[in-house]
Amino acid sequence: MDIRVKCTDEEPEALEQEIPARRQRLLQFTNCRLVRGHRIIHEDLWVRDGRIVNPEPVFFDERAKAHCRIDCGGAIVAPGYIDLQINGGYGVDFSHDTETIEEGVAMVARGLVKSGVTSFCPTLVTSPSDSYHTILPRIPAEVSRGAGILGIHVEGPFINPQKKGAHPEHCIQTIDKGLSTLKETYGSLDRIKIITLAPEKVTDPEVIGQLVERGITVALGHSMASLSDGEGAVQQGATLITHLFNAMLPFHHRDPGLVGLLASDAVPHGRTVYFGIISDGVHTHPAALRIAYRTHPQGLILVTDAISALGLEEGVHHIGQLPLEVKQGKAFIAGTETLCGSIAPMDECVRIFQKATDCSVVYAIEAATLHPAQCLGIEQQKGTLDFGSDADFILLDDQLRVLSTWIAGVCVHRTAK
Amino acid sequence: MRLVILETSNSVGEWAAKYVMKRINDFQPSADRYFVLGLPTGSTPLGMYKELIEFYKQGKVSFQYVKTFNMDEYVGLARDHHESYHYFMWNNFFKHIDIEPKNVHILDGNAADLVAECNNFEDQIREAGGVELFIGGIGPDGHIAFNEPGSSLVSRTRVKTLAQDTLEANARFFENDMSKVPKQALTVGVGTVMDSKEVMILITGAHKAFALYKAIEEGVNHMWTVSAFQQHANTLMICDEDATLELRVKTVKYFKGILRDLDEGSQLEGYKN
């Protein structure tokens, strides 16, 4: 199921070069099964200037034909995956490798396209203030031929020490002075896209709203919050739950905790509470995946929460301020049985999720594309194959394995046969 | 006139597609000599378009050197409205084949000056060298394109107000809300179609039977505008059994006999490119 390219002028290899002039070329991807409008449809995909275009006005108004026709061999064409929580990979740890952060992010961005990820939020775990001050401004805004960077996810340090998981306790802080504390701790809020915090530790009722006003998504996690704590935070503007089930109180029938937000009646009308869930086959039991999926399917977002060992072999590596160990396909804090993050790439998470829940192929894909885009409010540009959106897409076979990855209409990865 | 009577409406679409393919391929169009095709919309032509797309995909026919002129388009309907004829042609035909966008001509029902748009369309047909084969359907009231009863039989492309019959037939496509149904359309005239070298009319269904009877067994009459093609040297009508229900047995036997005797049908059925 390889792609076949036919261009009116130049070599097919031109599609893989990232030369600006080429961007004006009109590309027509034929013989595809597009994921569009919550269905799989037999339609061609038209791309120009790094965007998905509507072919009808191109035909009737511009009277133009495609420069290149790319036969997708019947592959499923889906929007590129979006990962909202990823701590590193390929030996890189975003929170730890301060000196080489630019190269580190670039390496991860280029590695991620192999698993079909076209946009991500580099995630920093609970770290000392200095680390944030150094790292945040140095994370690149974009990486050529790599997955796009949507902004930074700061997971901590305003979490509950009782639910720290693998985060270093001595770096955990409290929000004493509202927004000023956050600015002091992080240095600047400019590059931040998502903040995970424990709502029961937030005393100032204005803080969440102020963060949301700045376009930051407030996520709840690493928390001992009761359901009503969670509901309060949601009413103040929180819209995401960080890795559901992990680092929070378990569901209890008289106080469902944060898990209860999936069925809460206190969520403001018209608002959706999204939740990240790690479906690496380790962090969440398949039955738990099914419960979450059945309870609140429109809010489900697949995240990898992948750590530096993603893409690496068995052995000892580093995470945050602590060493970790990969054994038997899982990652633990070295010397303990505490899981400290997943190493399953996103395409594997999608496959595992689809198999565990028996959901439709379209839904499994939307959980990793449309939903994260909606959560961040960027669904006009990312997460869909709608006209006008960025041409970040992937070709998948029927087993949902990645055949090729395209960013802004340029092929950045082709899986070897 | 040739009347080809086939069993089902699907057969009509398939036969018509084979005929179009044969005509294009026999013509051997090139950059210096385009094949000019007049096209209709509707459920019967839909079957023909599907077959033509298949033939294109099988490499049996190319539209690279074909120019097309559609018969009609609603006035005031957005081009991307699901009922517009631009929408129909794009989704059911043009986007699946290799036709050059600049060789496609469909009247623009949203043009600022509708009369100029119609006159311009006539000029474009003239510049293209005239239509080689004009394909059309027939309304229950015997109209060709939107040449409603009472249309001049020598009319040209112009703005027409739609008859009540037509509005009612269309209502189901506009949620049965008469206020949403377009009241006017731009249409080629009877004279415009008569100018073409060959006319092929597709007629399927019992509800078209009376119109077919009026068109071929009665006189030339502007109340049944398809009857004008009795005076065209090369009229070809393709219909299914149901559409013959109002014809005389004698007429049906005559034309079925021709088909059988000449083996024309089977020759064309087995046509290979």
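Backbone N, Cα and C define each Cβ position, glycine as well.
Annotated domain 'Amidohydrolase-related' per TrEMBL: A:76-409, in sequence order.
Annotation comment: TrEMBL describes A:Glu155, A:His222, A:His243 as Zn(2+) binding site. All chains included, 30 other C-beta atoms sit within 10 angstroms of the C-beta of A:His222 (Zn(2+) binding site).
Sequence annotations record features per position, and here TrEMBL assigns substrate binding site to A:Ala166, A:Asn246, A:Ala247, A:Arg254, A:His283, A:Leu339, A:Cys340, A:Gly341.
The local packing around A:Asp305 (active site, proton donor/acceptor), expressed as other Cβ atoms within 10 Å of its Cβ over all shown chains, amounts to 27. Under the heading active site, proton donor/acceptor, TrEMBL lists A:Asp305.
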(request) Please report how many Å separate the Cα atom of A:Leu339 (substrate binding site) from that of A:Asp305 (active site, proton donor/acceptor), as a whole number. (result) 12
(request) To the nearest whole angstrom, state the Cα distance for the pair A:His283 (substrate binding site) and A:Asp305 (active site, proton donor/acceptor). (result) 10
(message) Using the alpha carbons only, what distance in Å do you get between A:Asn246 (substrate binding site) and A:His222 (Zn(2+) binding site) once rounded?
(response) 8
(request) Please tell me which one of the recorded positions listed here (A:Arg254, A:Asp305, A:Gly341) sits closest to A:His243 (Zn(2+) binding site), measuring Cα to Cα? (result) A:Asp305
(message) Around A:Cys340 (substrate binding site), which of the listed recorded positions (A:Glu155, A:His222, A:Asp305) come within 10 Å, judging by Cα atoms?
(response) A:Asp305
(request) For the recorded Zn(2+) site, whose residues are A:Glu155, A:His222, A:His243, find every other residue on that chain with a C-beta no more than 8 angstroms from the centre of their C-beta atoms, and list them by sequence position. (result) A:Gln85, A:Gly156, A:Ile159, A:Gly165, A:His167, A:Thr196, A:Ala219, A:Gly221, A:Thr242, A:Asn246, A:Ala247, A:Asp305
(message) Going by DSSP, is A:Glu155 (Zn(2+) binding site) sitting in a helix, a strand, or coil?
(response) strand
(request) Please report the DSSP secondary structure of A:Leu339 (substrate binding site), reduced to three states. (result) strand
(request) Would you count the other CB atoms within 10 A of the CB of A:Cys340 (substrate binding site), including those on all shown protein chains? (result) 24
